[in-house]
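Participant: Attaching a single structure in structure tokens format; questions to follow.
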Amino acid sequence: MGSTVNSPSTPIIIPSSPLQTSFIPKTSQLSIFKKKKPFNFASKKLVSCKASDRNQKNADSSSLNRFDRRDILLGLGGLYGATNLVSDPFASAAPIAAPDLSLCENSTVTSSSSGTSMTVPCCPPKATNIIDFKPPRFSNIRLRPAAHLVDANYLEKFTKAMELMKALPDDDPRSFRQQANVHCAYCNGAYDHVGFPDQQLQIHFSWLFFPFHRFYLYFYERILGKLIGDPNFVMPFWNWDSTPGMVIPDIYVDPTSPLYDEKRNVDHQPPKMLDLDYAGTEELLSKRDQIKSNLSVMYRQMVTYKTPSLFHGAAYRAGDNPSPGMGSVENNPHTAVHRWVGDKREPFSEDMGNFYSAGRDPLFYAHHCNVDRLWNIWKSLPGKKRTDFTDTDWLDSSFLFYDENANLVRVKVRDCLNSRTLGYDYQKVNIPWLKNKPTPRRPGRGSGSGSAMAAESNTKTVIRNAFPIVLDKLVRIEVPRTKKSRTKVEKENEEEVLVLQNIRVDRDVAVKFDVYINDEDDETPTEPEDSEFAGSFTNIPHNHHNPGEKLDTKLTLPLSDLLEDLDIERDDNIVVTLVPKEGKGLVSIGNIKIDFVRD
């Protein structure tokens, strides 16, 4: 048995275990029932230098005696609106507060594979005055155009604006360098939570992803318009979710243009077609098959994710550990585009292939304009739950940006829920992925296929109580279902989801693994156009302010449509197949379960 398990070519099949549970309280939950001393906000533990706090965290992060985030929130009281935690110890903590720029630190960039590292200064200029955001006044809605459709007059204006931005002094907060550094600071460990000096602020892997980038683009666009004296100027979007836009737009590939960036994958220049399921290697697909794969990715990530938490990502509040879990589009295709464009010749996959440097490529902003456009589209699709969160901890989370007049502005998520409130929308183009629903590889297997696969697995290598799983080979796990044959109304009220918990990986490595449901073919790989393909987990290299601290997150995949398509809604269990595609052996998973989402 032992030699068989260690064989790299042997799939692992893991049956469900009754010992796996999510009902054991976390340490932070247990700690609130301990007798606490009165909290003193002036405690030295809170006001000591950041380096000291971080070193202390490494020494006693597992101790029950350290301050729980609820202790701090109770001490802050009304400042964060958390006074009700006394009566409800498990209540929401608080919205993420805009960072304190005076405490910004240099960003560290590392590569576990090569052992190299460097320090990058990406903090913005300091300001003594902060202005609260007010929605702009406008008479017409500006339409951001598809990059592949712009005309010569638009390109001339856009090029001039970029030239002027790049000509600004580096210490001007509106300069191209400083604008690129915005992404570095918020996404690569330069900021901590206000009041929580041992908790890094990270706007990816959570419900902050969409609103942060929307405001980022908004101010970037306003700066460009100011530089050319055109308040109606708009940036283009890279329309990579439609066939004509599935190559890098021509306006970004002229080496003499300010829109060009030399740090891009040389093998992915036009007419090379984008791969929205990119895993670090080249897929030898025909153009037709690549288009089909891309459109299937788009359908799954946009249509089957029907609730706010599935689309936006997991809740992330003041004092929380970073990276609680990505939403659908952030996970993919957002990550795939970053990785596909980034230059593999560079030590850290610059520019687009790393969080610290992504904003240095002008193409980044066109990419994220399309991501932003998808937020608008998602809310327009059928389904009563395709709405934004109403949780005030999300709505009142805030960020800081410099505007077109070099004023430092504090914004809140609630101010950007509708792009038209900000004065812009997107050019209407064809949305072909709406008609590209994945189909089963083996239609008509019907109910019981999951049980049959589980029974068959008993004749194969079986590992019990194997969590955490290290993904160094294909792994199969039998997962029990608690609710079967649900009605249409029940499915509308609750989305059945597969949850992969405690996914741990070095933050600075690129990884991708795929998740299949009831797929028993080891010879022919499942593809995005197959219903059995449930989704993927991906990571863009980035860093934490504590070098070596692993990413610890979760992946939540919707199942309701998939179970219906495979005709296995009555099954007692499903068989989950995990296939490492990039970063084999670098990822571990702490548990897998089925849950239900109501939001």
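Cβ atoms are placed via backbone N, Cα and C, with glycine included.
TrEMBL lists C104-C123, C122-C184 with the feature disulfide bond. Annotation source TrEMBL lists Cu cation A binding site at H183, H204, H213. The feature domain 'Tyrosinase copper-binding' is assigned by TrEMBL to 204-221, 361-372. Residues annotated as Cu cation B binding site in TrEMBL: H334, H338, H368. Summarising the annotation, TrEMBL assigns region 'Disordered' to 435-457, 520-551. For 520-532, the entry in TrEMBL reads compositional bias 'Acidic residues'.
Quick one: where do these features end up spatially?
Facilitator: Taking Cβ-Cβ distances under 8 Å and a sequence separation of 6 or more, the neighbours of C104 (disulfide bond) in its chain are C123, P124, A185, A190, Y191.
Over all protein chains present, the Cβ of C122 (disulfide bond) has 26 other Cβ atoms lying within 10 Å.
For H204 (Cu cation A binding site), the same-chain residues 6+ apart in sequence whose C-beta sits under 8 angstroms from its C-beta are C187, S323, M326, E330, F355, I540, H542.
On the 0 to 100 pLDDT scale, the domain 'Tyrosinase copper-binding' (204-221) averages 98 in this prediction.
Annotation for H368 (Cu cation B binding site): same-chain Cβ neighbours under 8 Å, separated by at least 6 residues, are H213, Y216, L217.
Residues of the same chain lying 6 or more positions beyond the ends of the domain 'Tyrosinase copper-binding' (361-372) and with a Cβ under 8 Å from any Cβ of it are 144, 147, 162, 183, 210, 213-214, 216-217, 220, 235-241, 248-249, 252, 258-261, 263-264, 329-330, 334, 337-338, 341, 351-352, 419, 426.
Cβ atoms under 8 Å from those of the region 'Disordered' (520-551) belong to residues 11, 54, 57-58, 105, 107-111, 117, 187-190, 192, 200, 202, 204-205, 276-277, 292-293, 296-297, 300-301, 322-323, 331-332, 335-336, 338-339, 348-349, 353-356, 358, 436, 438-441, 453, 456, 474, 498, 500, 503-514, 557, 559, 562, 565-566, 575-577, 579, 581, 583, 587 of the same chain, restricted to positions at least 6 beyond its ends.
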Participant: Quick one: which residues besides H183, H204, H213 have a Cβ within 8 Å of the Cu cation A site's Cβ centroid, in sequence order?
Facilitator: Y186, C187, I203, F209, F212, Y216, F355, A358, H368
Participant: Once near-sequence residues are set aside, which residues in the chain of C184 (disulfide bond), 6 or more away, have Cβ atoms under 8 Å from its Cβ?
Facilitator: S107, V120, C122, A190, F355, Y356, S357, G359
Participant: List the residues in the vicinity of the Cu cation B site, defined as same-chain residues other than H334, H338, H368 with C-beta within 8 angstroms of the site's C-beta centre.
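Facilitator: Going along the sequence, the neighbours come out as E330, T335, V337, A358, F364, H367, V371.
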Participant: Counting by DSSP, what is the helix, strand and coil composition of the compositional bias 'Acidic residues' (520-532)?
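Facilitator: With helix first, then strand, then coil, the compositional bias 'Acidic residues' (520-532) has 0 helix, 1 strand, 12 coil.
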Participant: Residues with Cβ closer than 8 Å to the Cβ of H183 (Cu cation A binding site), same chain and 6+ apart in sequence?
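Facilitator: Listed in sequence order, they are Y216, F355, Y356, A358, G359, F364.
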